[in-house]
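Residues or ranges marked as domain 'Acyltransferase 3' by TrEMBL: 12-311. What TrEMBL lists as transmembrane segment is 12-30, 36-57, 78-98, 146-165, 172-190, 202-227, 234-251, 257-274, 286-308.
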Amino acid sequence: MQTAKQKEKRRDIQGIRGVAIVYVLLFHMFPKQFPHGFLGVDMFFVISGFLITMILRREDELTCSDVMIFFKKRIKRIFPAYYLVLVLIIICGLTTLASSDFRLLKTDTLWAVGFATNFHKYFQGLDYFAQVGLIVANFDFLLHTWSLAVEIQFYVVAPILILMSRHFVGKYFFCSSLFIASVWFNLTATGQLQFSSLPSRIWQFMCGGIAYTYSVAATYILVAIVVHLGQFPSWTVAVPLFIVSPITLLLPLSDTVFRFLVTFASAFIISANNNFLNKYILGNDLLYFIGEISYSVYLFHWPIILFLKYSSNVDELSFKGK
C-alpha cells in the first residue's frame with residue numbers, strides 16, 4: 001500500500017533523475033565515448049531548484065521555523081548516506097591505499113565533511129575532466145562530492161532568495177539580475193570557478209524555481225500563449241525529451257551549447273507536469289526506479305570505480321616488479 005508521501009512524488013521528476021544518473025554513469029565509466037555525460041549533474045541542479053522552491057513557497061509567510069524545518073528535512077535526507085560513504089571510503093582506504101595516497105584521501109575527506117569539495121578543487125587548481133579521465137596521477141575518491149557541496153551551499157542561500165523574491169520591492173529586477181549575472185559568470189569564468197562554484201550554477205537552480213512557479217500558475221509571463229504549463233500539448237515536450245535523452249550525448253555539440261539545452265529542456269519538461277509524454281515516458285517503472293536510487297548510486301559509483309582501477313593498477317605494478 002502506498003503512503004501519502006509516495007503518492008505525492010511526481011514520477012516524471014524521478015524519471016528525469018533516472019536519466020541524469022545514467023548521464024553521469026556513462027561519463028564516469030566511458031569519458032571519451034560520452035564526454036557530455038557530466039551534464040547529468042546540471043539536470044540534478046534544475047530538479048533541486050524546482051523542489052526547493054516548491055517546499056519554501058508552500059507557506060504564505062516564510063518564518064524562521066519554516067526555514068529550520070526545511071534544513072532539518074534536507075539534513076535527514078542527505079547527511080546519513082553521505083557520511084556513511086565517507087566512513088566506508090576511509091575504511092577501504094586504510095586497507096587498500098598506499099600511505100601517500102591515504103594521506104591525500106584524508107585531506108579530501110576533511111573538505112568533504114564540510115561540503116566544501118568544490119572550494120578544495122579550486123585551491124588545488126585541479127581539472128575535473130582530467131581527473132575523471134585519470135590523466136593526472138591522483139585517485140580522487142571524493143571528486144564527485146563537489147556537486148553535493150554546491151547543493152548544500154544553495155540550500156543555505158535559497159530561503160533568502162525566496163524571501164527577496166516575495167517581499168523585495170525590486171524583486172523582478174533582483175531575480176533577473178541575479179540570473180543574468182550567474183549566466184555571465186558561467187560563460188566567462190574558467191576552470192573550477194566556472195565548473196563547480198555556486199555563482200556559476202545558481203542560474204540552473206533558478207531555472208528549476210521558475211519551472212515550479214509557472215507549473216503552478218503561468219500567468220506572470222506568456223499568458224497569451226499558455227494558461228497553465230501543465231496543459232502543454234504532447235508535441236511541445238517531445239523536443240525537450242529528446243534533448244535530455246542519452247542519445248544526444250553522441251551529438252557533436254559544444255559543452256556550453258549542450259549545458260544550456262539540457263538545463264532549459266529539463267526545466268521545460270518538469271513544468272509540463274500533466275503532459276502525456278511525461279507520464280508514460282519519464283514516468284515509466286524503470287526510470288522511476290532508477291530515479292529512486294539515484295542518490296545512492298551517485299554517492300557510491302565513483303569510489304567503487306576508482307577502487308577497482310586502483311587495485312588493478314597496484315596488481316599491474318606488482319606483476320611488473322616481479
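Glycine is treated like the rest: Cβ placed from N, Cα and C.
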Can we call the transmembrane segment (78-98) and the transmembrane segment (12-30) in contact, meaning three or more C-beta pairs below 8 angstroms at a sequence separation of 6+?
no
What is the pLDDT of the domain 'Acyltransferase 3' (12-311) when averaged and given as a whole number?
83
The transmembrane segment (257-274) vs the transmembrane segment (146-165): 3 or more CB pairs under 8 Å
no
